[in-house]
Amino acid sequence: MIIKPKTRGFICTTAHPEGCAKQIEQQIEYVKAQKKIQGPANVLVVGASTGYGLASRIAAAFGAGANTIGVFFDRAAEGARTATAGWYNSAAFEQAAQSQGLRSFSIVGDAFSNEIKAKTIDLIKSEFGQVDLVVYSVASPRRTHPDTGETFTSVIKPVGEAYSNKTMNFHTGEVSMTSIEPATEDEVRQTIAVMGGEDWKMWIDQLLKAGVLADGATTVAYSYIGPEITHPIYREGTIGKAKNDLEQSAHQLQALLSDKGGRAFVSVNKALVTQSSSAIPVVPLYISALYRVMKENGLHENCIQQMYRLFSEHLYNENAKDANCLIRIDDWEMREDIQAEVMKRWAQVETDNVDELTDLVGYRQDFFQLFGFESEGVDYEADTDANVDIPNLV
Ligand code: NAD
């Protein structure tokens, strides 16, 4: 079939297999062109098919030569429906890993469930024996608790009082004011249940009990802080409450793992266009302005560059944590000069000057590339087979 993007708000319901493969190829090429990473040998990535989790898997495999298991929630093509981007990404990853003699396996299913955890543990036992790095990079709108059966839905809302600020429709470039009512207590509770640290702790606990976590193992999950203008909707909002919980969980995991020399971290990453971040109000306009300023200053990074920096400079460096036990690879985003310039533009930006002041073009391109569109060297008019198998799918 000929596959074109079909968007509904911040969602694209189609994905292009060759375009996704191209994106993977570029990420692999980037990592292979850098100095080899000294670090992990057998890696589990939970949430491995897109965004930061995918880039972590690529950095581990192609940067450090590690064996990897990726767990993710994606679907294959069916009838007239294409597969999801994460499916095509993982197919391309597995093919590339195989062709370079790296051992890798993929598990598709709900990481929040006991079944998928048990399946992953069995796979680690039979193929690797143990893993020495666990990356937790799940971003999801809902979670069913494996023990109680309660389904929680996460919301992106301020806490306490309503929040108004500029926002942008990145398809049209229209800048407008948005006002978001505060979350209820129950919405806060549910968002923490989805995006907080409970599931990360369950993973580590079960891996530990099953004896598949190597002595001295490292685990890392990802967080975001960002500038004050987004604090009411992000860091002090429902999602920020969940991130506080995630960061607390790192301390608990550190205590649990330290007996055998293990380590738990939260890495605070840069704001980037991913399927998850494009769903947050206000943030796409901030990211567009940030991209422009960081590109002008030669400081722009995408997921793979961030993850290469995390793996090569921070994760295996004892001095890499700040006073709050966080790894800060958002350091360039948060630099005073960068933020000052972004804020100057923020005050001025409106529909008429959005192209002049921000990198709306770059934002849009990154958004479509998440789904395998707008990749250079791909013929989007050509007939393509949407049915792609993931090698080593367990
Ligand atoms: P993403 O949407 O690109 O990736 C999410 C991954 O989780 C996908 O692989 C998806 O398949 C998987 N997933 C979702 N539900 C699942 C389930 N039930 N079972 C198994 N897998 C599931 O998101 P992302 O932006 O890369 O976010 C990853 C982490 O990075 C999150 O913790 C996020 O808060 C954090 N982060 C993101 C940004 C950003 O700007 N995008 C910045 C800093 C930190």
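Backbone N, Cα and C atoms are what each Cβ position is placed from, and that goes for glycine too.
Note that the structure is predicted; figures quoted are calculated from it, not measured.
Feature annotations, courtesy of TrEMBL:
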DOMAIN    2-78  domain 'Trans-2-enoyl-CoA reductase-like NAD(P)H binding'
BINDING   Gly47, Ala48, Ser49, Thr50, Gly51, Tyr52, Asp110, Ala111, Val138, Ala139, Lys243, Leu272, Val273, Thr274  NAD(+) binding site
DOMAIN    81-316  domain 'Trans-2-enoyl-CoA reductase catalytic'
BINDING   Tyr224  substrate binding site
ACT_SITE  Tyr234  active site, proton donor
DOMAIN    322-383  domain 'Enoyl reductase FAD binding'
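Location within the structure of each feature annotated in TrEMBL.
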residue : record                 : contacts (Cβ under 8 Å, 6+ apart)
Gly47   : NAD(+) binding site    : Gly53, Val71, Phe72, Ala111, Val135, Tyr136, Ser137, Val138, Ala139
Ser49   : NAD(+) binding site    : Gly70, Phe72, Phe73, Asp74, Thr84, Ala85, Gly86, Trp87, Asn89, Ser90
Gly51   : NAD(+) binding site    : Ser137, Ala139, Leu272, Thr274, Gln275, Ser276, Cys303
Asp110  : NAD(+) binding site    : Phe73, Ile116, Thr144
Tyr224  : substrate binding site : Tyr234, Arg235, Lys243, Val268, Asn269, Ala271, Asp330
Val273  : NAD(+) binding site    : Pro284, Ile287, Tyr363, Asp366, Phe367, Leu370
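Mean pLDDT, taken over the domain 'Enoyl reductase FAD binding' (322-383), works out to 95 on the 0 to 100 scale. Close contacts with ligand 1, defined as a Cβ under 6 Å from any of its atoms, occur at Ser49, Asp110 among the recorded positions Ser49, Asp110, Tyr234, Lys243, Val273.
Annotation note: Val273 (NAD(+) binding site) sits in a coil segment as assigned by DSSP. Taken residue by residue with DSSP, Lys243 (NAD(+) binding site) is part of a helix. Just so you know, the Cβ of Lys243 (NAD(+) binding site) picks up 25 other Cβ atoms within 10 Å once every protein chain is counted. DSSP states for the domain 'Trans-2-enoyl-CoA reductase-like NAD(P)H binding' (2-78), grouped as helix (H, G, I), strand (E, B) and coil, give 30 helix, 16 strand, 31 coil.
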